[in-house]
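The transmembrane segment annotation in Swiss-Prot covers 29-49, 66-86, 109-129, 153-173, 180-200, 228-248.
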Amino acid sequence: MSTATGVRAGRRFTVGRSEDATHPDTIRAAISEFIATAIFVFAAEGSVLSLGKMYHDHSTISTAGGLVAVALAHALGLAVAVAVAVNVSGGHVNPAVTFGALVGGRVSLVRAVLYWAAQLLGAVAATLLLRLATGGARPPGFALASGVGDGHAVLLEAVMTFGFVYAYYATVVDPKRGHLGTIAPLAVGFLLGANVLAGGPFDGAGMNPARVFGPALVGWRWRHHWVYWLGPFLGAGLAGLVYEYLLIPPADAVPHTHQPLAPEDY
């Protein structure tokens, strides 16, 4: 089921129509994702560069104080990014969230592809602006800690992203979310920050392929990059399927009327 504005019921994978790509609502949603992702990545990656500038060593993020500072920047940055985009695009701000919504039938493939393009471009634009504004500072990006293998990192990314997308579904997508939708940006932001505290020392806690892609491209750091795509997509896809098919009753699969801070068009 869909409407002219792109509101979709879940539980049915849909490719979408070619004209959907040029629909004004789709274009507005893609622009929203571009800007929101840029806001988030600028704050998140900027916090890492800031610590490196203060202490002349990016390894300071491995200290307790540095880790808390970076986690806080991620949490606040994402909360704001989701808040400013959720009523326009659903506030995905993350290709993995879009993938979870895709497998759950909440967005068409056409819209998902446009979201992915907008998110990646937003991340690259934010990282380029950071490099220009900081006098050419090379973004540190993401890397695996000593002793952490590719398989460990994929599992860690999958688990963290599963929880993140599950929280997104519960606070943004679930038709019975009620007033819980008003705290959706804070809920997902806090969980992101908590996961950075939990996973940061091991693999940087990506959970967002766009967040990883921007610094990787601008800083040209590609080692283990595939880990930060495979893990989040596995976790997000599983979260979308679990919440959509096990926790949302069939009768509630059709989106209800608009509520504050909950998207009418995602």
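Cβ atoms here come from the backbone N, Cα and C positions, even for glycine.
Comparison of 66-86, 109-129, 153-173, 228-248 by number of C-beta pairs under 8 angstroms to the transmembrane segment (180-200) places 66-86 first. Count of Cβ pairs under 8 Å against the transmembrane segment (153-173): among 29-49, 66-86, 109-129, 228-248, the largest is for 228-248. Sequence-distant contacts of the transmembrane segment (66-86) (same chain, six or more residues past either end, CB-CB distance under 8 Å): 32-33, 35-37, 39-40, 42-44, 46-48, 51, 55, 60, 92-93, 172, 184-186, 188-190, 192-194, 196-197, 200-201, 261-263.
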